[in-house]
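Peer 1: Dropping a structure here in structure tokens format, bear with me for questions.
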Amino acid sequence: MSKASCIMVQGTMSGAGKSLLCAALCRIFAQDGYRTAPFKSQNMALNSFVTRDGLEMGRAQVVQAQAAGIEPDVRMNPILLKPSSDVGSQVIVNGEVRGQMPAAAYFKMKKSLIPDILAAYNSLAEAVDIIVIEGAGSPAEINLKADDIVNMGLAKLVDAPVLLAGDIDRGGVFAQLYGTVELLEPDERARIKGLIINKFRGDVEILRPGLAMLEEKTHLPVLGVVPYLKVDIEDEDSLSERLETGKTVKPLDIAILRLPHISNFTDFMPLEQHPLLGVRYVQNAHTLGTPDLVILPGTKNTVDDLLWLRQSGLEPALLKLAARGTPVLGVCGGYQMLGQTLADPDGTESGRAQTLRGLGLLPTRTTFTARKRRAQVTAEATAAPFAGAALTGYEIHTGRTEVEGLPFCTQEDGTPEGCVQDRVFGTYLHGLFDTGELTEKLVAALCARKGIAPDTAALMPMEQYRQQQFDLLAEGVRKALDMDALYAAMGLARKEQL
Ligand SMILES: NC(=O)CC[C@H](N)C(=O)O
């Protein structure tokens, strides 16, 4: 048998976050001084990778290899199935096409691939200290279990201790974990060394009583509750063009919320041109991340889009960022949302009479009317850190906003416009970045907050960015997992304890 120790991550379903957990473990073990390699006996994916020696493998193990700091190698994924129809796949073994096969035919022959799987695994195990094995889907697919070569079947072949991860984000995590454990045979259950609750958002204290009950019912320890980590790492099923090699990442990250009725998004084009500003449009809380600035753009229907923000989970995510001091800028409809209330007494904005609570980040109240204000405006920003910036722009809105706090700017005729509170800014002015002065002051302020010098800030090389993201991932997972128990499950002590 091979020399390397191993640990296997199985999940209660596909998408439970196994790939990312494996990438995190690869990184952690590598950081701890172990030569580490990923392994998944069989991948089903269309998004494949070609190794240096011209062989084809699944991308998840490529990312995991990068996390481990080693060259991706086809031994890390000896079988790749590329589905070509609902019932058939191209079968790739050791990086080369074996043929096209209907699912039933593959199911019958897959056992004959065990020698290939073991040869790849054992050869890899000669070269490294730890192999991090990823399962596929769920080990409790009882219709497929008989000739399994990718979950418990593989765990038996290579004598792997198993961690079982459930996805709390999709709900029913206790049932997922308990149900999976219950559907396993006693010898399979005995392989499980611990349970992991993955993708958790919220207060762990509220979860705790459930964890104790789960441990009691499964007789297995919960080895960690891993938070929903906001890392920018390519995952198995998504094409992440941003992360292609050779590209660079701009040092300042601006997230513009992609409201369903977004209007006047040309406001932000000058930002997209700026060499230090990376501008992205965000549609859900998962991809919001931790930007340096959040922008709420204008919208044709402020009321409905505020409700969308609420339903999409972006509202709490945004409020959390704002509470941590992330600057937020609202323009027109976005500005209206930032206030205390939005009243649509005649339904002119949303089609029915209603009053909504706003995001509560600015001391403003907006009432929608039937009359549209249309005006070109010249103004000067008065609020720090933008004070003195000349602004030209235009207003188009039916909402009227009462402001109780400091204005954002002063118009040519001395009328105050917009509102500022702490790091939250709101204005009706479309085109506000067109003179360039506001953009420069914004860049300077964001750089200062991030501790980078605007004139020397270089684009971060993609590779450096990728490594930084792997470190963030490892840090989050290491904090969440009982690493001593993990090392013990592998029969290893942590290097620093030796
Ligand atoms: N351009 C906009 O963002 C318009 C905001 C809002 N729909 C209003 O008319 O008041």
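Cβ coordinates are placed from backbone N, Cα and C, and glycine is handled just like the others.
Straight from TrEMBL, here's the annotation block:
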DOMAIN    7-230  domain 'CobQ/CobB/MinD/ParA nucleotide binding'
DOMAIN    253-436  domain 'CobB/CobQ-like glutamine amidotransferase'
ACT_SITE  Cys332  active site, nucleophile
ACT_SITE  His430  active site
Peer 1: These are the active-site residues: Cys332, His430. Which one scores highest on other Cβ atoms within 10 Å?
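Peer 2: When each Cβ's neighbours within 10 Å are tallied, Cys332 tops the list.
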Peer 1: Rounded to a whole angstrom, what is the C-alpha distance between Cys332 (active site, nucleophile) and His430 (active site)?
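Peer 2: Computed Cα spacing between Cys332 (active site, nucleophile) and His430 (active site) is 7 Å.
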Peer 1: Does DSSP give Cys332 (active site, nucleophile) helix, strand or coil?
Peer 2: coil
